[in-house]
Amino acid sequence: MAKGEWKRSGADDLPLTGRSECEVFDDGTNTFFWRAHTLTVLFILTCALVYVTLLEETPLDTAYNTKRGIVASILVFLCFGVTQAKDGPFTRPHPAYWRFWLCVSVVYELFLIFILFQTVHDGRQFMKYIDPKLGVPLPERDYGGNCLIYDPGHPADPFHNIWDKMDGFVPAHFLGWYIKTLMIRDWWMCMIISVMFEFLEYSLEHQLPNFSECWWDHWIMDVLVCNGLGIYCGMKTLGWLSMKPYQWQGLWNIPTYKGKIKRIAFQFTPYSWVKFEWRPASNLRRWLAVLGIIFMFLLAELNTFYLKFVLWMPPEHYLVLLRLIFFVNVGGVAMREIYDFMDDPKFYKKLGQQAWIVATITVTEFLIVVKYDPNTIMLPIPFFITQCWTLGIVLIFFWTLWRFFIRDITLRYKETRRRRQEGSSERDRVPGHADGTNLATSGRSKLNGSMDTVRHRKS
């Protein structure tokens, strides 16, 4: 790109489409920070391997060597991926950052596949190699309990039930939905997913005890306060990102120190901005895509709780937090690739690599849950809950049938009928009415006819 050239957001070679995209100004500066360092990484990696091979004595501990070999293999794969993998749609703060998370996605999926192919006992005991504290059954916990907002039985602190809920999960809920809003970029979809997950908790509390919460914890603490506030702040951030000017200059081209600091801070904001316009009711493809996104989001949320349960991981374990951090970093890229594939299928002929691997991870996690504890998954759902979900699915099915099939057929039939009526009315018109000649002839004929009648009467 020439220096100082305006271009569309996204990749440099994207065609102009009907999407809502901002304009980007880039002065074309290519510093050491942005250059490829494939030879540098290869040299450092080779030196490390030579050091381990020639200068370091190999320990005699088999378990330690196994762990070390696995970690070294993963690091070599990450080095290859960060330098050689294909770039995704995001370039800030650096394309290598997103390539790193793509490679982490592959490593995590391979780990899940390995766990899936183990027996239930071996899989749970394998977690001890990661943390010796794992691999033991979780203790029973009491969830739900006293749901009184004001408890007169505790005069010292009658609101103790509310304060007991004010733990680390409150800011986690807020931050999680703030980030999800930045991923989805649509208020309605976020609210639907938020409310539907609360209904899922109601429906599955007979399977997992930690789904059993007080009504005010579901609808006030979660939906309105934590989730609602996170979605609101996320939408405000989206508004700022959509209005922000995207003008990029090289750091050394900025004369003031204040400008340099501002430029460094903006390095952690998007390079450009694309407003997501899902429009699920516009056609069947977009409608099914939105339904699939909502389904996969809810399944990933449920996997968080079920994986902890079947693999015997306490909620506060660092692996649970690492999984959430992982989805925060890969979810945004996956959503952008899904939107591009749905919005412009002529240009994006296949689903993006990050979206593909995230979908695979979500399905694999669910399969692990099914294999490791089928008894919990197959616990019968209460009849009235089954009725509610059946009614909802039937309504969605018939609405889809009406909106994209019956309604379209009806509109086509009305349009065809209207055109036929217009064509028949055109054919029924007498030729020559436009210039008045036929009307004059008709008038003379009527006049001559009336004169003949008068003459006949006189005779």
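Backbone N, Cα and C define each Cβ position, glycine as well.
Residues or ranges marked as compositional bias 'Basic and acidic residues' by TrEMBL: 421-432.
Annotation comment: TrEMBL describes 438-451 as compositional bias 'Polar residues'.
For 420-459, the entry in TrEMBL reads region 'Disordered'.
Per TrEMBL, the feature transmembrane segment maps to 32-54 (among others). Outside the transmembrane segment (32-54) by six or more residues, the chain places 72, 76, 79, 82-84, 94 with a CB less than 8 A from a CB of the stretch.
Residues annotated as transmembrane segment in TrEMBL: 66-85 (among others). Sequence-distant contacts of the transmembrane segment (66-85) (same chain, at least 6 residues past either end, Cβ-Cβ under 8 Å): 36-38, 41-42, 45, 52, 96, 99-100, 102-104, 106-107, 129.
Sequence annotations record features per position, and here TrEMBL assigns transmembrane segment to 97-117 (among others). Remote same-chain residues near the transmembrane segment (97-117) are listed as 74, 77-78, 80-83, 85, 87-88, 90-91, 123, 126, 311, 326, 329-330, 333, 353-354, 357-358, 360-361, 364-365, 367-368, 371 (criterion: CB distance under 8 Å, separation of at least six residues from the stretch ends).
The transmembrane segment annotation in TrEMBL covers 187-204 (among others).
Among residues of the same chain six or more beyond the transmembrane segment (216-235), those with a C-beta under 8 A of the stretch's C-beta atoms are 147, 149, 165, 170, 173-182, 187, 190-191, 194-195, 198, 201-202. According to TrEMBL, the feature transmembrane segment maps to 216-235 (among others).
Beyond the transmembrane segment (287-306), the same-chain residues lying 6 or more positions past its ends with a Cβ under 8 Å from any Cβ of the stretch are 180, 184, 189, 192-193, 196-197, 200, 204, 208, 210-211, 278, 280-281, 320, 323-324, 327, 335, 338, 342, 359, 362, 365-366, 369, 373, 376-377, 396, 400, 403-404. For 287-306 (among others), the entry in TrEMBL reads transmembrane segment.
Per TrEMBL, the feature transmembrane segment maps to 318-335 (among others).
Under the heading transmembrane segment, TrEMBL lists 355-372 (among others). Below 8 angstroms of C-beta separation, residues 102, 105-106, 108-109, 112-113, 115-116, 120, 123-124, 296, 299-300, 302-303, 306-307, 310-311, 327, 330-331, 333-335, 337-338, 341 of the same chain, each at least six residues beyond the ends of the transmembrane segment (355-372), sit close to that stretch.
Per TrEMBL, transmembrane segment is recorded for 384-405 (among others). Away from its own ends, the transmembrane segment (384-405) comes close to residues 202-203, 281, 283-284, 287, 291 of its chain (Cβ-Cβ under 8 Å, at least six residues beyond either end).
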